[in-house]
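Scroll down for the structure; my scribbles are underneath it.
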Amino acid sequence: MVPQDLLTEVRDENPLVHCITNYVAMNIAANVVLAAGASPAMVHAPEEIADFTPICGALTINIGTLSAPWQASMVAAATTAHARSIPWVLDPVAHFISGYRKRTAQDLLSLRPTIVRGNASEILALTGEAGAGKGADTGDSVDAAQGAAKALAAQFGTVIAITGPVDYVTDGVHEARVVGGSPMMPKVTALGCAQTALMGAYAATGPAFDAALATLAHFKVAGSAAAKLAKGPGSFKMHFLDALAATQAADLEQVIA
Ligand SMILES: Nc1ncnc2c1ncn2[C@@H]1O[C@H](COP(=O)(O)OP(=O)(O)O)[C@@H](O)[C@H]1O
Ligand SMILES: Cc1ncsc1CCOP(=O)(O)O
Ligand SMILES: [Mg+2]
């Protein structure tokens with residue numbers, strides 16, 4: 001499906017997205033998903049997974065503020081999604097900073113996410129390569145992580161999306177790049193996490209590669225529009241939410257290279 005059709009479907013279908021995300025991201029992720037036209041729900045308790053995950057259009061898992069009860073919820077939810085063919089998206093935030101986080105990311109990867117979205121350092125390090133990541137922020141270029149993305153996509157049968165100044169997406173065979181956005185985007189915390197949550201909404205409505213590509217394009221279009229009005233990261237955030245809601249379906253194809 002072409003990205004513009006997927007944006008229309010997200011708005012028409014208003015899919016319910018189960019988000020297990022981090023404390024930093026919860027508010028902006030929910031606002032981003034709502035502004036784009038879908039319905040987010042932040043649900044973390046292990047006791048709720050069996051009831052909630054099966055009724056959602058998609059699941060998104062983000063390990064940004066990991067702890068043991070959340071890890072149990074993540075594994076249970078990903079196992080449920082995989083067993084029921086519910087699309088699910090993994091955001092391996094800063095997984096290279098500790099053995100605990102690294103093992104959790106690898107365990108989740110083995111549960112076959114439909115899409116993995118991360119910055120270049122996060123994707124590079126998923127293959128075991130030492131990158132230059134600095135906590136949640138990238139220290140590597142998108143170009144440097146493209147080989148890792150292709151290898152991971154082929155090994156795990158998933159779509160890998162790397163974000164940065166120019167985004168890159170591959171399923172191991174096909175690839176695309178997405179241009180635009182603004183250097184202010186990485187200066188607003190958890191915007192990448194919010195993008196992962198939105199990718200769940202797109203994955204609920206269409207095939208994995210197309211869904212990842214449409215999400216990347218929607219963010220780039222909205223980021224470029226917000227940058228024209230913003231005075232800095234604070235007002236950028238406000239204008240970005242407005243721009244996500246105002247993005248026209250036909251705009252998406254213009255940022256795909
Ligand atoms: N220098 C940049 N110029 C334009 N867009 C950017 C830039 N850096 C990041 N982005 C955009 O910001 C969003 C979040 O990406 P990124 O900052 O890589 O994720 P994370 O927050 O997980 O590190 C993506 O839409 C990406 O395209
Ligand atoms: C700062 C921070 N610390 C733990 S999670 C988090 C948010 C990271 O957000 P993003 O990956 O979108 O930059
Ligand atoms: Mg991130």
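Even glycines carry a Cβ here, placed using N, Cα and C.
Taken from TrEMBL as is:
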BINDING   Met42, Ala190  substrate binding site
BINDING   Arg117, Thr163  ATP binding site
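Feature map: annotations from TrEMBL on the structure.
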residue: Met42; record: substrate binding site; Cβ neighbours (10 Å): 16
residue: Arg117; record: ATP binding site; Cβ neighbours (10 Å): 31
residue: Thr163; record: ATP binding site; Cβ neighbours (10 Å): 28
residue: Ala190; record: substrate binding site; Cβ neighbours (10 Å): 24
Binding-site residues close to ligand 2 - of Met42, Arg117, Thr163, Ala190, only those whose C-beta is under 6 Å away: Ala190
